[in-house]
Amino acid sequence: MIKVSVVGAKGRMGGNVVNAVNDASDTELALALDAGDDLTRITPDNTDVAVEFTVPSVSLGNVLTLIGQGVDVVVGTTGWTDEKLDQVRAALAQAPRPNQSVFIAPNFAISAVLTDHFAGLAAKYFESAEVVEMHHPDKVDAPSGTAIHTAHTIADARKAAGLAPVPDATETDGGSRGQTVDGIHVHAVRLRGLNAHEEVLLGNPGEQLVIRSDCFDRGSFMPGVLLAVRKVSAHPGVTIGLNNLLDL
Ligand SMILES: NC(=O)c1ccc[n+]([C@@H]2O[C@H](COP(=O)([O-])OP(=O)(O)OC[C@H]3O[C@@H](n4cnc5c(N)ncnc54)[C@H](O)[C@@H]3O)[C@@H](O)[C@H]2O)c1
């Protein structure tokens with residue numbers, strides 16, 4: 001059994017993680033902590049892996065504390081910068097246990113991560129490529145970080161294959177062609193009833209390939225979180241992105 005403590009356990013994601021850890025047959029809940037709780041209660045005696053889903057302003061401090069406590073950490077909180085990651089790497093270099101691990105995933109949804117991966121594989125075979133992301137209207141940023149990442153993945157694959165820019169005769173736009181990310185148009189739809197969805201449209205003369213991911217609720221993240229809990233200790237140091245754990 002993998003002993004898991006959850007930090008941010010009263011939050012929407014943390015609450016789902018508590019339930020997922022209780023429900024899985026190979027994990028057991030150690031501590032469920034939230035704001036105001038003492039994270040130094042988490043030790044290697046009671047915890048193998050700490051899962052951190054809080055808010056960007058406190059996440060770095062929590063992760064540094066957890067590293068100091070000698071446990072592996074899985075992080076879902078967003079807002080990581082190169083500077084913050086450097087601090088995590090420096091803390092790991094001084095960690096109490098050898099080969100301690102921190103795993104950070106900007107997106108734990110396996111379908112979203114595979115959409116990005118498959119788009120990267122397919123991109124070089126198509127003349128045109130566009131990304132459409134669709135979310136609930138309460139999301140404050142647009143386009144989504146995941147869609148921006150997918151656009152870069154497609155652009156990198158096109159550049160590596162020596163493809164010309166995507167064809168587009170548009171002369172006057174007015175915003176309807178979306179945001180151009182690394183030469184790839186990215187469109188954002190905000191619609192009540194949706195959760196988190198992404199389509200990659202790839203076009204050639206006479207054919208289209210659509211790669212689509214639909215995350216219907218927060219449960220969509222739990223298989224990815226549990227995968228990270230199971231695999232984090234096999235990846236010493238800092239690992240970023242669920243794609244690194246999927247044997248792709
Ligand atoms: N990586 C992913 O796939 C993914 C998916 C969804 C959300 N997120 C991110 O996860 C984070 C949490 O999202 P949420 O919807 O659960 O937010 P939320 O506001 O529902 O929960 C955050 C929780 O953190 C707690 N908290 C605040 N400060 C704390 C501290 N110092 N120590 C311990 N707990 C503290 C809060 O009390 C709250 O219970 C956000 O950054 C969000 O963007 C990531």
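Each residue, glycine too, has its Cβ placed from N, Cα and C.
Note that the coordinates shown come from a computational prediction; the quantities given were computed from them, not determined experimentally.
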Same-site residue for NAD(+) (record: TrEMBL; known: G8, A9, K10, G11, R12, M13, G76, T77, T78, A105, P106, N107, F108; options: D34, D37, D38): D34
C-beta crowding around D34 (NAD(+) binding site), within 10 angstroms: 14
Binding-site residues (G8, G145), the one with most neighbouring Cβ atoms at 10 Å: G8
Cβ neighbour count within 10 Å of K10 (NAD(+) binding site): 13
Other C-beta atoms that fall within 10 angstroms of the C-beta of H136 ((S)-2,3,4,5-tetrahydrodipicolinate binding site): 13
